[in-house]
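Participant: Take this structure, written in structure tokens, and hold onto it; I'll ask about it next.
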């Protein structure tokens, strides 16, 4: 049976904080809009500031792992934030990259890009293949790469590789891993193979036009790249790494988007899932929450491994510089600032299925078929051996107690031989206490044996005394009645009796020993006192 082993580089799960990068979209001023300039600007490669809406003369500053300005290229974003976490996937660990921000801030452009400017997703998949191809063949590992692609639309999980599929459930296995039964998984051998499946599937994603975005994503898209490496010498040993590439739908203000009907319903589902995401982040940062609300939304259920789970996570927050997006940008920056405090615990997932158990079971089955009764005889022999090893009820407690004390005494003596002088005093006290316990147990055993002997002797005499008294009550004084009583006593006592009460017969006549004669005399004395 397969056994899942949690391994890490340092022996324990090494904490890894969620890395947060902020990307500022170029300023896009509409001809009919007032040009007030940008409301946010970058200070350096990690810091930015946004105007304080309460006081325009002040600003609010933020610090992140990376800040990408308007002129930052797609390649710079990938090389700085995404590429460093990809080697973990080949080592059996999980990694995730997701884009967050308001609608129209450039999330889909960051993740997908265009044919001229490839986004994070195609660059990451190509880099995974490059890493696999760069592996030395002498390392002894065989790699296999697969992909799955889905979207969460109106709280329904839909398979983009199989457009006709229905809402799929989200499950969790015994190892706390999230999976989706029924989701299509395709094995890919090259980047061109990936592209041939990914491009048509992306066209199945739900998009629509709004006042703020001509091509607005109406769902959350999740691409899963699964890398399984198998040890060439032992095929039962596998390590599985997963890469999640997620393009989240943007939060929307329906007063500005003008959504109605189906667009309004879609916007409500998007905003609700993003609100649940913010609650999950708040619960993780509080440190005192009894329950993290992962199950309150399909999105947070899928992101359970990325936020507070076991993945190396990178969040790219996209923001817009225009004043009309001010409050959306301000909220996105606050969410990003809270998310960078989340700590994950990545570890290697290795599945081991030793073949020895299967061989042994097959051999036992084969032997049972040939011999028929040999396994049964073996079990009977083991049962008899177990019964012989079990001590009797009268001495079990005593022998077990003495055995445990003796074992402890032997261990203490061995320790005393190897310990230092300062520790020997304590050892000697323990040895003396153990010897005292053994002596007390032996004395108690002697007392119990004496009491048992007295109990057996007293019970036999009492039984003989009661028999003699009852016979005397029924016997008369005549010779005939006395003879009858003697015959009755002879039958009850198991031997000849005197011909008359109180007249002892000779020892030769009865053939009894001196000890038996003494016991007889004691019985007569007791009988005379009782009468």
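From the backbone N, Cα and C atoms, a Cβ is placed for every residue, glycine too.
Here the structure is a predicted model, which means the values were calculated and not measured.
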Participant: TrEMBL tags one of 424-458, 459-493 as coiled coil - which one?
Facilitator: 424-458
Participant: For a quick check of packing: other C-beta atoms within 10 Å of the C-beta of residue 102 (ATP binding site), how many?
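Facilitator: A 10 Å sphere around the Cβ of residue 102 (ATP binding site) contains 24 other Cβ atoms.
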Participant: Which one of these binding-site residues, 101, 104, 106, has the sparsest Cβ neighbourhood, judged by other Cβ atoms within 10 angstroms?
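Facilitator: Candidates: the binding-site residues 101, 104, 106. Fewest Cβ atoms within 10 Å: 106.
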